[in-house]
């Protein structure tokens, strides 16, 4: 599975400890990604990935320090948020009562008492909610590796959901912004397929994109 | 629905996978990356690498092999052994590991759990517990259990330590039941059940796996989230694909 060779991928350095793993996963797809926190460099990329492991408040603080909290929502190329990176695309997170990037109009909440244990840690099945190029050629059933204590609700932005004491958003899209709550870099073949699909997203905003 | 995980554990010394009696006569089994890739392809859900050399020699885990593993693995992996500080953990996590597992150093200094959870989030912090039932019928923790010559019995009750570890920020607990470890007679279901009742975070069973039915019992009767084993996988006694097919047939959700 090779991605397009002519992509210029930048990984936003927001202090996430999975930066290295995501970079390795891209390398397995034949793509060398650059790590940067520089606004000009990020703006010039064809594809931007916001990884992130950890808590919402320090994650947002890191972005604010370098002014990236204002830059990211204005980007027009494909942007992928992974795990915490996906949660930061939302309006706010209950975790530390944190205002986030506001790309998707909903609030991330802690798993409630219906979840068997918190954090959710392990492989869960993706349930496709909506057709999207990001899901092309994803073999079913597809399982992905999740590690998280907070989750985004299902809404018009949801491409795929998963069930953990109730449905939550596993994959989201709004315009050029997509998010994966699981770790595609640690989700075997399905993860590699989804990352490759992201890299196939056209560098400019898709005309007539089905974003909400 | 979240599936139950099957986790092979590999002992590592000086960048090679080894087997044998721990801390004596290490026989090199093979290259760490080759074996990691073999288990990945066999359907393992996650791998644990236990650096048996770093821990007793007071050394840090070598970053080089963690990086080599991170490059080839597309499933999560955890590094255990030799992690005593936030700096040690940072090395391993930044080299590409998804989690670190801490055992004796957390008993020496329980505040380490808070420090690790604060720095990296609870989801990165696994607490390993070596536990044995004493003559009075109470399960208590053992320190330095990796090295028979140094193993110490502590007054700390296992169930109390399970509570405390969670309170301090453990994101997962691996319970190694020493009484069944290496016997291949099955996991210690009574002890796992008792810990499960106290454990709100994911719980991994360890010690005693010898047959597919033992995994089934751990999932069905002790409701553990994952089952860890070493010998039965390395020796080829149990193939992961067949184990998972069996579990699925018994109604346990596993990743295909």
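Along the chain as shown, residues are numbered 1 onward.
Using the three backbone atoms N, Cα and C, a Cβ is placed for every residue, glycine included.
Annotated features in TrEMBL:
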- B:11: active site (ACT_SITE)
- B:130: active site (ACT_SITE)
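Each residue contributes its Cα atom, and for residue B:130 (active site) and residue B:11 (active site) these two points are 16 Å apart. Classification of residue B:11 (active site) by DSSP places it within a strand. Neighbours of residue B:130 (active site), defined as other CB atoms within 10 A of its CB across all chains, total 25.
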